[in-house]
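Chemist: Residues or ranges marked as signal peptide in TrEMBL: 1-19. Among the features that TrEMBL reports, domain 'PPIase FKBP-type' is placed at 45-134, 158-246, 270-358, 382-469. Here TrEMBL flags 540-562 as region 'Disordered'.
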């Protein structure tokens, strides 16, 4: 504003205005429209581009107009390329300023006039609108509007960049915008694919940085302009936002955020992994998230099921590890992108969290965390057991627990009542023993999962064996633990009256169980088992077994049934 005031004072000093009628001595300048902001004023040797209407002072008749020609006038100031009055009258002018410049004959075309258009001794009036100023010494001007904190990389020659821009002339008139096309401008830097000034103006930028880049005409489109939107010798102003940058030589960038303690195994080719991720572009714009779908991304590693960069990044990870992975486009979706989701040549940033992984060849992993000093009897097939458990995902998410119920869980081993991996984990345990068991999905609920269990999930069980009842083989209700009585009937006839009713038969069986000579199938009502056994031998259904019903063949049958 001080420069503006000084300019006005200067012109007030050089312009002579006489109150009495008479010939003009010098140029008269009327600055009737001055912009609020004037970063630069016209000086000698500057080039300018302006529109004007030229009229005669005497009658207001028009003699020339750049508006009528549809093309702004371009010239250099102060070197005699204009009439002297205009050379003086344009000094100190701002872009978008409007002036009325009155020029006396001796500073215009004098007593001769010119070309039959300007008569002798004509006072000329020019209404001028200044559109542009530049100088041969001008350079690209760069002004940073904002710059993100923690900028780790800036653009250099040979980088490929994606950026948004609004392009205007120095007067503020818009000529182009990437936003209006809803697509970034994508190009290599420093290889002549851009105007020279833009190539220079984009150097040293960070992703997310916003700049104003002012490019003089000779570093833009010069004398020819560009189509109908950029006139010849136009200074260009670009407001630029850098969206993305990479170099064709770039590899993955991996930033480890968190590694759990006690990592004993890392992913390798052929493993199957489940992980969560947030996917963004370099400027932070999100394009995808497994969390939003409430489902992990599941895939094999190193087998081409995911983009090359991700296949590489998923190697060597621990369960529970968190990483930020930056993948250049030549290791992602390349120049084509993916529909409306991933633009061409986009750098992708993934924040991943490994939930679990396994190999299709993995066995059930059993770790004993506590074992009683006395462990003479261990669980095996056909045993009836009671056990406590917590079932979690490998990230610690609790799925099920026996603590949710009034009593421990009960199962018969080998009866296919629980998943195969849990059968494996419960086998060979002592009462009071505790274990941690990791069950890969092919030993668990497989690719389809189950109620509350995600697809292909590795399960983590904390187990404690509470009670163990030894079982009998499949198809048997009772077994002898050693050789049974021979002959059998006298042993069954406890009172020696030559007949064995149900009550006596039941007493006989229960004595064998109590003395450890025989075993009933656990988990089934004993009275029901014994009654079924009795009915099978009471052939005439008279409510008692006699010795005649216990011939050699019958005795063998009852031994087999028992």
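Backbone N, Cα and C atoms are what each Cβ position is placed from, and that goes for glycine too.
Automatic prediction, not curation, is the source of TrEMBL annotations.
I would like each feature placed in context: is it buried or exposed, what are its neighbours, and how far apart are things?
Modeler: Mapped onto DSSP helix, strand and coil, the domain 'PPIase FKBP-type' (45-134) counts 13 helix, 38 strand, 39 coil.
DSSP places the residues of the domain 'PPIase FKBP-type' (158-246) in helix, strand and coil in these numbers: 16 helix, 37 strand, 36 coil.
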Chemist: Using DSSP, what's the helix, strand and coil tally for the domain 'PPIase FKBP-type' (382-469)?
Modeler: 13 helix, 37 strand, 38 coil
Chemist: Limited to the domain 'PPIase FKBP-type' (45-134), I'd like the whole-number average of pLDDT.
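Modeler: Summing pLDDT over the domain 'PPIase FKBP-type' (45-134) and dividing by its length gives 96.
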Chemist: Counting each residue once, how many in the domain 'PPIase FKBP-type' (270-358) are helix, strand and coil under DSSP?
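Modeler: Tallying H, G and I as helix, E and B as strand, the rest coil: 13 helix, 37 strand, 39 coil.
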